[in-house]
Amino acid sequence: MGSLKKTDEEDFMSLEETKEAILYVNGVRRILPDGLAHLTLLEYLRDIGLTGTKLGCGEGGCGACTVMVSYYDQLHNRSVHYAVNACLAPLYSVEGMHVITVEGVGNRRSGLHPVQESLARSHGSQCGYCTPGFIMSMYALLRSSRSAPSEEQIEECLAGNLCRCTGYRPIVDAFRVFAKTNDAVYANRSSGSFPEGEFVCPSTGKPCSCGSKGLNEDANVKEATTCINGYSPISFSEVDGSSYVEKELIFPPELLLRKLTPLKLGGFGGLKWYRPLKLQHVLDLKSLYPDAKLVTGNTEVGIEMKLKRIQYHVLVSVAQVSDLNSLNESEDGLEIGAAVKLTELRNFLIKVVSQRASHETSSCRALIEQIKWFAGKQIRNVASVGGNICTASPISDLNPIWMAAGAKFRIIDCRGKPRTAAAKDFFLGYRKVDLASSEILLSVLLPWTKPFEYVKEFKQAHRREDDIAIVNAGMRVFLELNDGKWAVSDASIVYGGVAPVSLPASNTEGFLIGKFWDQDLLQGAVKVLEKDILLKENAPGGMVEFRKSLTSSFFFKFFLWVSHQMKDKESFPENLCLSHMSAIQSFSKSPTTGCQNYEIRKHGTAVGSPEVHLSARLQVTGEAEYADDTPMPPNGLHAALVLSRKPHARIVSIDESGAKSSPGFAGLFTYKDVPGGNNIGPVIDDEELFASEIVTCVGQAIGVVVADTHENAKIAARKVHVEYEELPAVLSIQDALRSNSFHPNTERCMAKGDVELCFQSGKVDRVLEGEVHVGGQEHFYLETNSSMVWTMDGGNEVYMISSTQAPQKHQKYASHVLRLPMSKIVCKTKRIGGGFGGKETRSAAIAAAAAVPSYLLNRPVKITLDRDVDMMISGQRHSFLGKYKVGFTNEGKLLALDLEIYNNAGNSLDLSLAVLERAMFHSDNVYAIPNVRIRGRVCFTNIPSNTAFRGFGGPQGMLIAENWIQRVAVELKKSPEKIREINLQSEGFVLHYGQELQHCTLAQVWGELKSSCDFWKTRSDVDVFNKQNRWKKRGVAMVPTKFGISFTLKFMNQAGALVQVYTDGTVLVTHGGVEMGQGLHTKVAQIAASSFNIPLSSVFISETSTDKVPNASPTAASASSDMYGAAVLDACEQIKARMEPIASKKQHNSFATLARACYEQRIDLSAHGFYITPDIDFDWKTGKGNPFRYFTYGAAFAEVEIDTLTGDFHTRTADIILDLGYSLNPAIDIGQIEGAFIQGLGWVAMEELKWGDADHKWISPGFLYTCGPGNYKIPSADDIPLKFKVSLLKGNPNVKAIHSSKAVGEPPFFLAASVFFAIKDAIAASRMEAGYNEWFPLDNPATPERIRMACIDDFTKPFAGPEYRPKLSV
């Protein structure tokens, strides 16, 4: 084999005839010009106007950017269709292929595809930002499947897609109709019987024949899962795949005939992109460019270049090199080409396992299982075997298996000289491998296993699906019969996640060889292992004790698994206790089932009907527009923030020379350039738009750079050099308490009765004192903060389109910093891709930062934050510290509560005082306590300011309460549910802040839930299970909630709306609320439609705009439907009153003719409606008043199962009942409940924020480690309860809100605490078996680390004692 000389680069292209680079997008041929090698497919698609494909994270972790790619496989004469993450796919990697985006699947004008239609009518889209990604993942599965997929395949294809709104259940139900038919799955699951009548389809909300029937005189009663009317493909061909509609996009004929050619193309900054087709070409290029990076799917290199800022100048795509894509069987084993995709490998291994003797394929089965949990489907479809190996990640899922299985790596150099390296010797150090710069990995040789040779995989992550490992392992043992006993002839134990490389436990391996496979071997090996795997206290990644314990747990599981495999073998002793079998039963998930039970109370034409979200059809087709989808004008600029890198420091100097010479740079703006005031803040002006002298957190804005492209703006911002003089930093609540660091004037106190007297009296039998640490939570809305600002009339007016819950705040901030009157600034918001409180205040400063250059340069400026920046700077849910003292009787009656609570506000006050106050209001949860004293303070710390998040402090206060309730139960040896029940508040009870409960349905909700979940029977069943299973434990819990509805600041409880009736009978509504997925616009439209007695389709809700409705409060506090609905109704009633004289003549057969007649009579058909929430007031001087209009009550039951050896858990059942009065739209309300519950589940059990503080010294001080989906894990579709039931309390109208409804957004969130306390119940069962019966603390989130380390056993004791409490950033 020859090689190229460096002076003869052109020879590569002369080896093959070259053609123009082309790409088909949605059936349209496009020529790809040279110079775009730096672009991803996502950037290209959005640049050509296909904005349905969204940027959610930029690292392949959320699936919002999913598209389908098709290419023609010449070898097998068929097309291959698969889903990819467009945010990682290099543009040129899809050259010669067909890309279908959501726009190419279907649209409103030409018709929706069945997959879009099903998702829309199943209420599977709320904010809609993630929706196109889900559509494309499912669409790719359907097109690539010869026949209908299984339910397991459907759920698996969604593993790489995240949703923050819906709770996933309606998405899974919507796609389930495409699965292989099984009517039983979709049948009505209710045990109750209903009178005869029509059945209401849960998908459409309309009568149909898809399930059981049920109707009564007052309401349509619905209880079922999903419609059984399924879809199946109408045709299948090897070229086009499966088709579900006649006009399905076909595979372009040109691409069938087109021969692939090598590519040599360039990109920004001199980047070179090569696509060789032959191995020789690859070797020649490697000779020419020794530092060239080989890529297949770009899933690692793309992240390195984007997030780690690593620069590669030459990229060589080897995806089309046939010699690197081979899969061959031989007598010795398998040869797997280095460029083979993981999906392809798994399918091949499944085929091999089905065809060969079982004893030969133990390694294959381990790889199949491990690949299943490797990233999401979109990543597996493009990621290669060789890429994963050569990345040499210390947490690679596959490398420990290659090493343990005795695999060998075939390597070839530029001269064509091959060599072989054992996998165990290949990894030299952190991301260093035994490859010279002139060598490449050619293939992997995987030997067959022998009889009595066993290979097993292990992995524990924060989340089962689409997550990197905390610790993983590959283990192999070969047993031989020796003197009538089975002894270890060979062994290999390899761990990932415990060292800079995948690490063989060499001493343990040596210990095992020659030993008999018995209990002595187990005990001895575990002791050797403890010293074999060493982790330093502040090792990167933290969780040292947990990671150490997992090494022992995994080996124990391996020992039991091998023993189970050998149980029927000759002379093998029966040493496997039946209760220990639970340790080796792998998690297998049955399809999830959902049940929704509600009544329909119709009021007029639309109110009360389970209507589909008004934007659903726009969202499923990608036609719904968000802030970042707004086209940039030709002279527009992009902005990027210059951010502090220190938690507390004095700015010494700012050097912008590097930025000025950066391509496309148009300006840097700092505090000196702000035309108006630089001090900002939603309550008090204690923040700076741009830091002037002192920075008080990492991520604080120092300035803003504008440039011609988003990427150039970011590059220039990074080139601004800031010198600091560091100052002492306060990084946690404990730091704040030690240094007396509080925001001024934030002390609060409220009291009822006399706490001190009660404790001293003889009434209290017992007193408990303790602390509760409550973790924070990232909002993780799928759409990051984005605003576009432009001027008009030479800068006399400023307009902005923003992703915000509070357009008025954007208007106010821009007015302040530009020194313009608010009347000259307009902020518009059509919809936002999720908010949850995170876009209530923190988004305003980001928009204001973009407004400064836009105003000064008189040019449009767009700012869209990258996911990591958004998470770092925009604040999270407040962490809390609660210190309680509670007194109670021996019967469990609560008598006194003395509570101190502190929240971590960060570096500015923002809304932290109001958050603290609501936490104090809710610190009783639902419990009648005659003597209460609650004191609170707001801590100042040097982290970015925390802010509003769904529940607004209420969940934190209630979680503290439920912690001490559970402790009281343990102290009295009673069920927590009994303690809760005997202390429930009831009608007329006066709360600790003086408000009397009216229309209290708490007892009814609790009783119905107890009956629905059959609590005591389930409790008994769980106890039986726990006695029979040592290493898996189940737990149950029932938790109630009471959530006050209103802004706690009185003046914010006001709402305005503008209603306009046109002469064609249609109605335009504009109100001050923002649609963020919660269905606000849909409910408001229903109210207007019912008021005018017209169809819902006749009402249109316009964008929210500050020039239509002024001075609007943020869309928050769950009160928007109440307030804006009432304001719209007020406007409608005004218009109806004006129309009445004409209408009373009854000469009009339609609303349109009536409107026309009124117009001709010069009657004003436009009205401004207004509403103020009545009967609310609170005085902090006395600590008494009525801060809330009413309360929403609810309760939830959960049953969970934990793996005590690893900390893994899943929710078996969740049963929720909420009192929502007469629901305005039960389908939307059900969606809010499910979404809130799953978001709450993330808070209590999965989502952990890790900051650089005293407990996390491996993180730079003040930095947020968990600033992207790679390290921060929100629930996925795999995490929803296996049985998920939601019911609305029937027959309880709410007299205090519009049409007898109740607010729904925030109240259900806390009910996920039922999962948390069910986990704690399961842990208690494990501890009890180990002899530990006393109470123990468990902080949220109850991550695998916290679950596992609380389950004390012989594998945790060497590393942590019974009192061990994993570290938490609070």
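In case you wondered, yes, glycine gets a Cβ from its N, Cα and C as well.
Keep in mind that this is a model prediction, so the values were computed, not measured.
Taken from TrEMBL, the feature domain '2Fe-2S ferredoxin-type' covers 19-105. The domain '2Fe-2S ferredoxin-type' (19-105): residue composition by secondary structure is 15 helix, 29 strand, 43 coil, according to DSSP.
If you draw a 10 Å sphere around the CB of Cys65 ([2Fe-2S] cluster 1 binding site), it holds 28 other CB atoms from the protein chains shown. Here TrEMBL flags Cys57, Cys62, Cys65, Cys87 as [2Fe-2S] cluster 1 binding site.
Summarising the annotation, TrEMBL assigns [2Fe-2S] cluster 2 binding site to Cys127, Cys130, Cys163, Cys165.
The domain 'FAD-binding PCMH-type' annotation in TrEMBL covers 266-451.
Spatially close to Ser384 (FAD binding site) yet at least six residues away along the chain are Thr296, Gly297, Ala319, Ala338, Ala339, Val340, Lys341, Leu342, judged by Cβ distances under 8 angstroms. Look at TrEMBL and you will find 294-301, Phe374, 384-388, Asp397, Leu441, Lys459 tagged as FAD binding site.
Per TrEMBL, Mo-molybdopterin binding site is recorded for Gln805, Phe836, Arg950, Ala1117. Listed in sequence order, the residues of the same chain lying 6 or more apart from Phe836 (Mo-molybdopterin binding site) and placing their CB within less than 8 Å of its CB are Arg164, His779, Tyr781, Phe949, Arg950, Gln1239.
Around Arg918 (substrate binding site), taking its Cβ as the centre, 27 other Cβ atoms fall within 10 Å, counting all chains. The substrate binding site annotation in TrEMBL covers Glu840, Arg918, Phe952, Thr1048.
Annotation for Glu1306 (active site, proton acceptor): same-chain Cβ neighbours under 8 Å, separated by at least 6 residues, are Arg950, Gly951, Phe952, Gly954, Phe1043, Ala1117, Ser1118, Ala1236. What TrEMBL records for Glu1306 is active site, proton acceptor.
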Give the number of CB atoms, excluding that of Cys163 ([2Fe-2S] cluster 2 binding site) itself, located within 10 Å of its CB.
31
Please list residues from the chain of Gly387 (FAD binding site) whose Cβ is under 8 angstroms from its Cβ, counting only those at least six apart in sequence.
Leu294, Val295, Thr296, Gly297, Thr299, Glu300, Val301, Ala338
Would you count the other CB atoms within 10 A of the CB of Cys127 ([2Fe-2S] cluster 2 binding site), including those on all shown protein chains?
29
Whole-number Å value of the largest CA-CA distance among Glu840, Arg918, Phe952, Thr1048, listed as substrate-binding:
17
Around the Cβ of Leu294 (FAD binding site), how many other Cβ atoms lie within 10 Å? Please give the count over every shown protein chain.
26
When you put Cys130 ([2Fe-2S] cluster 2 binding site) at the centre and draw a 10 Å sphere around its Cα, which of the binding-site residues Cys62, Cys65, Cys87 have their Cα inside it?
Cys62, Cys65
Expressed to the nearest Å, what is the distance separating Glu840 (substrate binding site) and Cys165 ([2Fe-2S] cluster 2 binding site) at their Cα atoms?
17
Quick one: which residues besides Gln805, Phe836, Arg950, Ala1117 have a Cβ within 8 Å of the Mo-molybdopterin site's Cβ centroid, in sequence order?
Gly835, Gly837, Gly838, Glu840, Ala948, Phe949, Phe952, Thr1115, Ala1116, Ser1118, Gly1305, Glu1306
Quick check on the binding-site residues: of Cys62, Cys165, Gln805, Glu840, Thr1048, whose CB has the lowest count of neighbouring CB atoms inside 10 Å?
Thr1048
Among all the protein chains here, how many other CB atoms are within 10 A of the CB of Glu300 (FAD binding site)?
22
